[in-house]
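Found this in TrEMBL, in case it helps:
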{"type": "TRANSMEM", "residues": "40-59", "note": "transmembrane segment"}
{"type": "TRANSMEM", "residues": "71-93", "note": "transmembrane segment"}
{"type": "TRANSMEM", "residues": "113-138", "note": "transmembrane segment"}
{"type": "TRANSMEM", "residues": "150-172", "note": "transmembrane segment"}
{"type": "TRANSMEM", "residues": "184-202", "note": "transmembrane segment"}
Amino acid sequence: MDFEFALWQMAYLLIAPRRVYRNIYYHKQTKNQWARDDPAFLVLLASLLCVSAVAWGLAYGLGMVGILRAMLFMVLVDFLLVGSLAATFTWFVSNRLLIMDTMAHAVEQKVEWAYAFDVHCNSFFPVFLITYVLQFFFMPVLKHDNWISLFFGNTLYFCAAVWYIYGTFLGFNALPFLAHTELFLYPILIGTILYIASLFGFNVSQNILTLYFGTN
């Protein structure tokens, strides 16, 4: 497993995400598939989630069993289960609605489910940094019951959601046989409306932490 290349990808997903997807053309030429064939990125991201679970577990005094439960939930549910559902949805939509019409003699191309899951993994990494890491360090601020804490916490989750949606768009926009991939950007409008509405009294951060750990 090439962990050095996986770390390179993680860095560029933050500073120049388009560059990560430009590399898929070379991968397609050499491996004849759009999806990764090296699980290093997946393993590294799952490992980071486990480290995050330990930190959150210690902060909330969950104990060994609670920390293990948090690890399993973050990796199996947050990352893999939700990611599989998201990948299945984007895979279905892209193959059903976004494939360009091809000439009769051209080879028909399809989006691989594994590639759709790769897009999820790439888009999830910034979400991880914002909601698992950055939120952890600002936890003392976010716990306060005032509007500033509500605004800051809700803005964190809004930024994470927008980054995930934009990353998903970039992933499918990189495929040359797809058209109208801007469809994947439309949820930002819904997210913006929900974000503005939440500022009138719904603290997203506190509610999610309560859901996870039973207390804020």
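Each Cβ is built from the backbone N, Cα and C atoms, and glycine gets one as well.
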Among 40-59, 113-138, 184-202, which stretch has the highest count of C-beta pairs below 8 Å with the transmembrane segment (71-93)?
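If we count Cβ pairs closer than 8 Å to the transmembrane segment (71-93), 113-138 scores highest.
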Can you work out which residues elsewhere in the same chain, 6+ from the ends of the transmembrane segment (40-59), have a Cβ less than 8 Å from its Cβ atoms?
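Long-range Cβ neighbours of the transmembrane segment (40-59): 1-3, 5-7, 9-10, 66-67, 70-71, 73-75, 78-79, 118, 121, 124-125, 128, 132-133, 136, 139, 212-213.
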